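Please read the structure below before turning to the comments.
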Amino acid sequence: MADATTTRAATMEKIVALCKRRGFVYPGSDIYGGLANTWDYGPLGAELKNNLKQLWWRTFVQRRRDMVGLDGGILMHPRVWEASGHVVNFNDPLVDCKTCKSRFRADHLIEERLGQDAAGKTPDEMSAILSQANLPCPKCGNRTLTDARQFNMMFRTTIGPVEETGVQVYLRPETAQAMFVQFKNVLATSRVKLPFGIAQIGKAFRNEITPGNFIFRDIEFEQMEIEYFVHPDDGADAFERWLADMRAWFGRIGVREEHVRVREHAKEELSHYSSRTVDFEYLFPGPMGWKELYGLANRTDFDLKQHQEHSGEDLTYFDQPTGARFLPHVIEPTFGVDRTFLVVLLDAYDEEETVDVNGKPDTRVVLRLHPRLAPYKAAVLPLAKKPELTEVAKTLFDTLEAETGALIDYDETANIGKRYRRQDEIGTPFCVTVDFDTLQDRAVTIRDRDTTNQERVPLAEVAGWLRERIV
Ligand code: GAP
């Protein structure tokens with residue numbers, strides 16, 4: 001296993017280039033010159049992202065008896081965001097440069113340029129620190145930064161045909177709220193008993209002041225979130241159990257332990273709803289270093305209490321065995337889909353020094369994705385584009401698709417070496433080659449992506465062989 005810091009092949013630049021070259025992620029609105037910090041997932045990216053979301057859903061919803069799913073809307077009643085505290089609290093401290101008009105997060109400037117801790121500081125306190133340091137604009141160098149002011153990160157839009165008289169609503173900045181707002185309906189319709197969780201996967205939107213680092217900080221992104229409802233006395237224990245369950249997830253997606261650490265939030269840093277938060281941080285290569293990947297928060301009864309007060313609906317839970325009625329507390333494990341996608345690629349990316357067919361030094365790029373996540377589980381490759389081979393290969397392709405239910409690639413172009421390299425680079429775990437011997441021995445060669453070892457397997461057994469290795 002590679003060492004965390006010394007022998008890592010992946011850089012952000014290489015991953016961005018690979019994503020574009022192979023159709024994982026494209027810049028959004030590319031033919032119009034792009035729209036800054038928006039991205040579209042291409043054919044292979046869409047497959048990888050779907051595989052990730054399906055695995056998460058199977059792991060945390062379908063395989064657990066204490067979880068149910070929800071698929072809430074992006075638009076919600078505007079009072080939801082008043083109750084949740086987002087209208088007042090979901091702000092980032094912003095400074096502008098009067099000369100070049102660039103915008104920066106005041107807390108990031110203080111932390112990154114001055115090396116001081118900005119957690120919990122008010123905009124006035126941050127302004128005082130910045131003006132005392134007389135910090136130049138990081139973009140143009142002029143000492144013309146404004147004071148810090150709060151900037152609400154929710155995107156607004158209007159429902160109704162006439163903008164002036166329409167209802168102003170927000171694009172949700174987190175998926176979490178639907179799970180609180182629908183708590184009562186879920187209780188009434190799904191026979192759940194405490195402790196239980198509601199999970200959902202969906203888009204969230206934030207008008208980030210400083211998006212960037214590829215898909216790490218987007219203005220439109222996806223979250224996989226869980227609101228886990230417990231008796232008020234059980235919050236601390238449930239928090240520990242979720243900490244362990246979140247750790248175990250990294251093994252399922254092939255992210256190395258040494259690239260992940262847990263960081264406890266200081267009191268001043270806690271969100272307005274949280275009594276305890278830890279971040280799972282990932283060691284990104286290069287200057288990014290350790291950055292938040294996932295979060296785990298104890299939201300107490302903050303949200304249910306707020307929604308009860310603002311909606312006037314009783315959101316208490318009736319505990320049949322004890323006859324007690326109370327507002328449950330909530331533990332919230334939250335996972336960003338796009339960040340997961342990025343770290344899975346970073347951890348899977350590898351380069352091997354080798355020699356090409358002419359004996360010249362060459363580099364083999366290989367994406368060592370877990371077979372569960374790989375876009376294609378196998379590729380069927382006739383050795384040459386000859387009808388006697390392609391006929392057998394196409395029949396095998398149809399059989400594998402039908403009998404494994406997995407996505408299989410078929411490629412008869414270019415020389416076999418080039419085709420192997422392409423499959424290595426997109427993470428296909430197995431290449432199945434139909435050659436001239438196949439016509440006699442009714443067997444094929446299966447090449448393993450990671451070892452490049454080859455195995456001869458009878459045609460009739462390929463589907464079963466593959467099924468065993470891709471779950
Ligand atoms: N419901 C709690 C919540 O939304 P958060 O820490 O603000 O908490 C949860 O976001 C996760 O969503 C993060 O850990 C990260 O994985 C992802 N995330 C947050 N902002 C993001 C952004 N601008 N771009 C991509 N992913 C983001």
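Indices start at 1 and increase along the chain as displayed.
Note: Cβ is positioned from N, Cα and C throughout, glycine not excepted.
Here's what TrEMBL has on this protein:
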| type | residues | note |
| --- | --- | --- |
| BINDING | Arg105, Glu174, Phe221, Glu222, Gln223, Met224, Glu225, Glu332, Pro333, Thr334, Phe335, Gly336 | substrate binding site |
| BINDING | 206-208, 216-221, 292-293, 336-339 | ATP binding site |
| DOMAIN | 13-375 | domain 'Aminoacyl-transfer RNA synthetases class-II family profile' |
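Within the set of binding-site residues (Glu208, Glu225), the lowest number of other Cβ atoms found within 10 Å of a Cβ is recorded at Glu208. The binding-site residues under consideration are Ile219, Leu293, Val337. Their Cβ neighbour counts within 10 Å are lowest for Ile219. Under DSSP, Leu293 (ATP binding site) is assigned to a strand (E or B) in the three-state scheme. The DSSP secondary structure for Phe335 (substrate binding site) is strand.
Rounded to a whole number, the distance between the Cα atoms of Arg105 (substrate binding site) and Arg339 (ATP binding site) is 21 Å. Between the CA atoms of Phe335 (substrate binding site) and Leu293 (ATP binding site) there is a gap of 7 Å.
In the three-state DSSP reading, Arg217 (ATP binding site) counts as strand. Phe221 (substrate binding site): 19 other CB atoms within 10 A of its CB, across all protein chains.
Cα of Glu225 (substrate binding site) to Cα of Val337 (ATP binding site): a span of 10 Å. The shortest Cα-Cα distance from Arg105 (substrate binding site) to any of the binding-site residues (Glu208, Arg217, Ile219) is found for Glu208. Cα separation, Val337 (ATP binding site) to Phe221 (substrate binding site), rounded: 7 Å. Under the DSSP three-state reduction, Arg206 (ATP binding site) is assigned to coil, being neither helix nor strand. The average pLDDT the prediction assigns to the domain 'Aminoacyl-transfer RNA synthetases class-II family profile' (13-375) is 95. Checking the binding-site residues Arg105, Ile219, Pro333, Val337 against ligand 1, none has a C-beta less than 6 Å from an atom of that molecule.
For the binding-site residues Arg206, Glu208, Arg217, Leu293, a Cα-Cα cutoff of 10 angstroms around Gln223 (substrate binding site) retains nothing. Of all the binding-site residues in the list Arg206, Glu208, Leu293, the shortest Cα-Cα distance to Phe221 (substrate binding site) is found for Arg206.
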